[in-house]
Amino acid sequence: MTVDAVRVELGARAYEVRIGPGLIARAGAEIAPLLRRPKLAILTDETVAGLHLAPFQAALAEAGIASSALALPAGEATKGWEQFSRAVEWLLEEKVERRDVVVALGGGVIGDLAGFAAAVLRRGVRFVQVPTTLLAQVDSSVGGKTGINTAQGKNLVGAFHQPSLVLADIGVLESLPARDFLAGYGEVVKYGLLGDADFFEWLEGAAPRLASDPEARQRAVRRSVEMKAEIVARDETEEGDRALLNLGHTFCHALEKATGYSDRLLHGEGVAIGCALAFELSQHMGLCPQEAPSRLRAHLRAMGMKVDLRDIPGDLPDAEGLLRLMAQDKKVVDGKLRFILARDIGAAFVAKDVPGDLVRRILQEALATR
């Protein structure tokens, strides 16, 4: 299999997302052209370090690149002030200079945290994303959104800081637990829902074999990255079209906050549930065909994914409580929520005039099934 390269066109800050097998094994050769001196600082987590850090550092050494690494605890709870401060202090202790490169080796949590650390360190150093989860490969590693969570909500502190290179090794996805792979699929299916009905139709047939079929997996990752790259090139800082990438995320972020960013609900699982709720809301507003939400839910169920609020273990707030959590969403403008709704599968749009009473009713009905 060959490596695909998708270019994110951002003028002088353009970069490539390289997608294919074996990229970690030749990471040194891939990254070396970016370096002013043969030295790298790697931020990773303890789980990824046990699986991929040794081969990654061996590939760097083969290219004559020295490296040091800090492994943070795995999990969403790491994406906060404490571990962020620890990472920044470590990078300073390692004497990372402004012309050096930081590597984010891991999933979305590490990519977001390491990217933000690179953004603020010495007022900005370059970084390379080496995403090791499906979710990170198709979404969080591309586009330059970096940041951490706070007590007030998810991703409320951060910066736009584009990577210099993304290496998406699809081979490492074979080591992912099934639940994590399916959670990542929540972001893959989102791309079909928001802007490519043909891709969604292909996924309905191909998705069950993504975990075992490298060619299908690479195609799914490539198409997802292509769609994100096109949108980011048009709207880097989310003033318009880029908000489409948040399909399902208004509901998702509230649910993640309600579950304490714990393993009760992984981010991609929340995205899948959020997409289902967004399509249901669209249908209730008379915007999309009645069969669209049913078709989406049927596909998610066939994949063995979480689909409804009843699939989330443990207690949840009532509808009013969830609405209050939504009010902290980054997409709030002038105190009003913006939702990403859909006219059909593959036809999402930004809506600024969604009736709060209808959102409340959708949530009440979903909670009533628990």
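Backbone N, Cα and C define each Cβ position, glycine as well.
According to Swiss-Prot, the feature NAD(+) binding site maps to G108, V109, I110, G111, D112, T132, T133, K145, K154, an assignment based on sequence analysis. Long-range Cβ neighbours of G108 (NAD(+) binding site) (same chain, at least 6 residues apart, Cβ-Cβ under 8 Å): P131, T133, L135, A136, D139, S140, S141, H267. When secondary structure is read from DSSP and collapsed to three states, G108 (NAD(+) binding site) falls in the helix class.
Under the heading Zn(2+) binding site, Swiss-Prot lists E187, H249, H267. All protein chains included, H267 (Zn(2+) binding site) registers 25 other Cβ atoms within 10 Å of its own Cβ.
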In three-state DSSP terms, the structure that T133 (NAD(+) binding site) belongs to: coil
Cβ neighbours of E187 (Zn(2+) binding site) where a neighbour is any other Cβ within 10 Å: 27
Other C-beta atoms that fall within 10 angstroms of the C-beta of H249 (Zn(2+) binding site): 25
Cβ contacts of I110 (NAD(+) binding site) (under 8 Å, same chain, 6 or more positions away): L43, T44, D45, V48, L72, T78, A104
Cβ-centroid neighbourhood (8 Å) of the Zn(2+) site, E187, H249, H267 excluded: L135, D139, G186, K190, G248, C252, G268, G270, V271, G274
H249 (Zn(2+) binding site) and D112 (NAD(+) binding site), Cα-Cα, nearest whole angstrom: 16
E187 (Zn(2+) binding site) versus K154 (NAD(+) binding site) - Cα distance in angstrom: 17
